[in-house]
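Annotation source TrEMBL lists domain 'Transglutaminase-like' at 264-357. The active site annotation in TrEMBL covers CYS272, HIS331, ASP354. Per TrEMBL, Ca(2+) binding site is recorded for ASN394, ASP396, GLU443, GLU448.
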Amino acid sequence: MAKVTKVDWQRSRNGAAHHTQEYPCPELVVRRGQSFSLTLELSRAPDCEETFIFMVETGPRASEALHTKAVFQTSELELGEGWTAAKEAQMENTLTVSLASPPNAVIGRYLLSIRLSSHRKHSNRRLGEFVLLFNPWCAEDDVFLASEEERQEYVLNDSGIIFRGVEKHIRAQGWNYGQFEEDILNICLSILDRSPGHQNNPATDVSCRHDPIYVTRVISAMVNSNNDRGVVQGQWQGKYDGGTSPLHWRGSVAILQKWLKGRYKPVKYGQCWVFAGVMCTVLRCLGIATRVVSNFNSAHDTDQNLSVDKYVDSFGRTLEDLTEDSMWNFHVWNESWFARQDLGPSYNGWQVLDATPQEESEGVFRCGPASVTAIREGDVHLAHDGPFVFAEVNADYITWLWHEDESRERVYSNTKKIGRCISTKAVGSDSRVDITDLYKYPEGSRKERQVYSKAVKRLFSVKASGRRTWIRRAGGRCLWHDDLLEPATKPSITGKFKLLEPPMLGHDLRLALCLANLTSRVQQVRVSLSGATILYTRKPVAEILHESHAVRLGRQEEKRIPITISYSKYKEDLTEDKKILLAAMCLVTKGEKLLVEKDITLEDFITIKVLGPAMVGVAVTVEVTVVNPLLERVKDCALMVEGSGFLQEQLSIDVPTLEPQERASVQFDITPSKSGPRQLQVDLVSPHFPDIKGFVIIHVATAK
């Protein structure tokens with residue numbers, strides 16, 4: 001009677017064929033819809049008529065009815081739509097077999113067992129466990145992505161770039177996804193197992209893991225901690241006691257490992273780019289092509305009326321207690337690539353997913369998947385969460401002046417500022433790619449207006465009620481919408497803030513408000529200026545400017561009002577976002593009103609150079625040059641260094657005391673452990689000013 005005495009999982013061969021060789025786990029990792037090979041060592045050569053019967057199982061109470069269990073036997077050819085096994089080669093008492101899963105198999109950790117057909121009275125022999133992932137290389141898999149360059153970028157690249165800042169000053173931040181680092185695959189599978197759906201009905205939950213729509217929706221909910229013991233706890237108040245500031249994270253690995261080591265206690269704290277970075281790690285790790293997307297001037301439309309209604313006082317300052325909607329300087333989410341079997345092939349491709357807990361979806365804080373094509377075409381009625389995503393990139397931005405008698409008045413401002421410069425990292429380079437045209441047609445074009453009207457009709461049922469229009473939101477409350485449809489009168493002056501010198505961290509801020517009279521008559525303008533340090537959500541933190549000016553504008557005349565905000569004014573209240581919002585409420589002679597706003601991100605300086613060629617296993621020197629941004633002496637600064645393929649854990653390097661505005665260089669050695677383009681992140685951290693972040697891509701050669 002032949003018995004299996006040893007199994008060779010052929011990790012090297014299978015890993016190369018399945019693009020899984022980077023996973024460091026002890027078990028084999030393969031992708032569905034593709035064959036993999038095993039070599040079995042037997043106690044004796046099997047008889048000619050004997051066949052091997054395999055069994056695979058995943059999850060608790062595995063069953064063939066739920067497609068979490070399969071029993072199949074060897075044949076000369078790989079046949080059938082389910083799991084198959086075929087003999088590849090046989091030499092005396094060794095047999096090499098090729099196993100293949102269907103392209104819609106449940107993903108996760110499997111147990112593989114075997115018995116010979118002649119051993120019907122004997123129990124199965126356990127061969128061990130393997131992990132099955134989604135397969136973007138398989139044309140029959142719902143996650144199939146045709147371009148090899150895109151698969152390399154969106155599945156296998158373990159670092160990336162997240163774009164932050166403001167529309168006029170977009171900055172790149174490095175992020176270490178680290179999906180191939182120690183324990184990360186196990187943690188990603190644990191995230192699925194910790195979900196409420198799995199806790200309530202584990203067998204059914206596992207059976208749904210063949211579907212990328214289901215899996216991504218679960219991950220979207222589990223990356224935040226609002227409804228469960230998810231991975232990251234959000235915090236937007238600017239105070240991070242008892243945790244880590246969102247801006248101090250440089251990648252997902254430390255966050256995921258901390259979640260595991262803390263016995264699944266949510267990690268403090270995250271904001272949108274942290275949630276997106278972590279979700280990108282998890283989905284790439286599971287085999288779904290995923291990228292991080294930044295939307296500048298991103299709307300948070302709480303009542304789904306496709307407008308962001310901002311209430312201000314006579315100085316243009318936001319009235320927080322009245323303003324429920326908001327427009328963030330930027331918001332970061334994910335896109336994943338897969339087919340929408342629930343919607344039809346027209347909606348295949350990129351799908352929006354957002355783990356930032358903003359609004360509930362079917363009672364849970366999650367968002368998506370929403371087809372990007374559906375958003376562009378205004379098909380907001382389609383699953384999932386189309387109205388919210390559509391508003392993020394298309395809502396009108398409407399400003400109301402709130403009077404002391406509690407009446408409101410529409411103020412002229414740029415209503416079409418939502419959804420600008422939607423950005424993601426380019427394939428194969430560090431460049432920024434503008435993908436706004438994937439989300440909407442050109443602003444103001446006939447097609448864009450048609451789509452907007454189509455979305456409004458989907459969202460609202462409209463009927464006349466006297467002179468007003470009564471709007472009923474689907475499934476929601478009613479509101480009068482007459483004054484929302486009336487545009488504010490365009491004033492006879494224009495205004496714009498202009499920087500007179502680059503806005504540098506630690507320096508005074510110098511700029512001017514430029515006013516222009518568009519008429520051939522003299523105009524009197526009352527200008528009320530305000531300024532505040534803000535979070536990236538545009539939530540004000542502290543007022544740093546409050547002044548008024550009376551300006552006389554002659555015919556067609558232009559005038560500048562110079563503005564200086566000293567460093568001492570904003571020093572104490574500047575947040576780690578390094579952002580300032582300026583506003584000017586301009587009241588013209590004839591009662592016209594104009595609101596001018598400008599978001600400013602303060603600039604800083606850091607450079608990173610590699611002094612020599614980088615090669616696996618050979619130390620190379622890195623030189624980092626920093627500048628003290630302040631006009632005062634600072635000490636207790638450090639460089640925080642991180643990078644997959646360079647360091648096992650974060651490196652901290654002390655920086656000598658820096659004199660006012662002193663430029664200094666620090667050198668240290670790293671030894672690359674992986675070849676190819678690798679990202680090294682270096683941040684200058686100080687208790688005296690917000691972190692100064694930098695990164696560099698280093699091309700590492702294989703050792704000769």
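Each Cβ is built from the backbone N, Cα and C atoms, and glycine gets one as well.
Note that the coordinates shown come from a computational prediction; the quantities given were computed from them, not determined experimentally.
Distribution of TrEMBL features across the structure.
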residue	record	Cβ within 10 Å
CYS272	active site	27
HIS331	active site	25
ASP354	active site	31
ASN394	Ca(2+) binding site	24
ASP396	Ca(2+) binding site	19
GLU443	Ca(2+) binding site	14
GLU448	Ca(2+) binding site	17
* To do: Filter the recorded positions CYS272, ASP396, GLU443, GLU448 down to those whose C-alpha lies within 10 angstroms of the C-alpha of HIS331 (active site); answer none if the list is empty.
  => CYS272
* For ASP354 (active site), the one of CYS272, ASN394, ASP396, GLU448 that lies nearest, given that the recorded positions are compared by Cα -> CYS272
* **Cα-to-Cα gap, ASN394 (Ca(2+) binding site) vs CYS272 (active site), nearest whole Å** => 19
* Asked: Roughly how many Å separate the Cα of GLU443 (Ca(2+) binding site) from that of CYS272 (active site), to the nearest whole number?
  -> 26
* Structure fact -> Quick note, ASP396 (Ca(2+) binding site) and CYS272 (active site): C-alpha atoms separated, nearest Å, by 22
* **Cα-to-Cα gap, GLU448 (Ca(2+) binding site) vs CYS272 (active site), nearest whole Å** => 28
* Residue distribution over DSSP helix, strand and coil in the domain 'Transglutaminase-like' (264-357) -> 18 helix, 41 strand, 35 coil
* To do: Please give the average pLDDT for the domain 'Transglutaminase-like' (264-357) in this predicted model.
  => 96
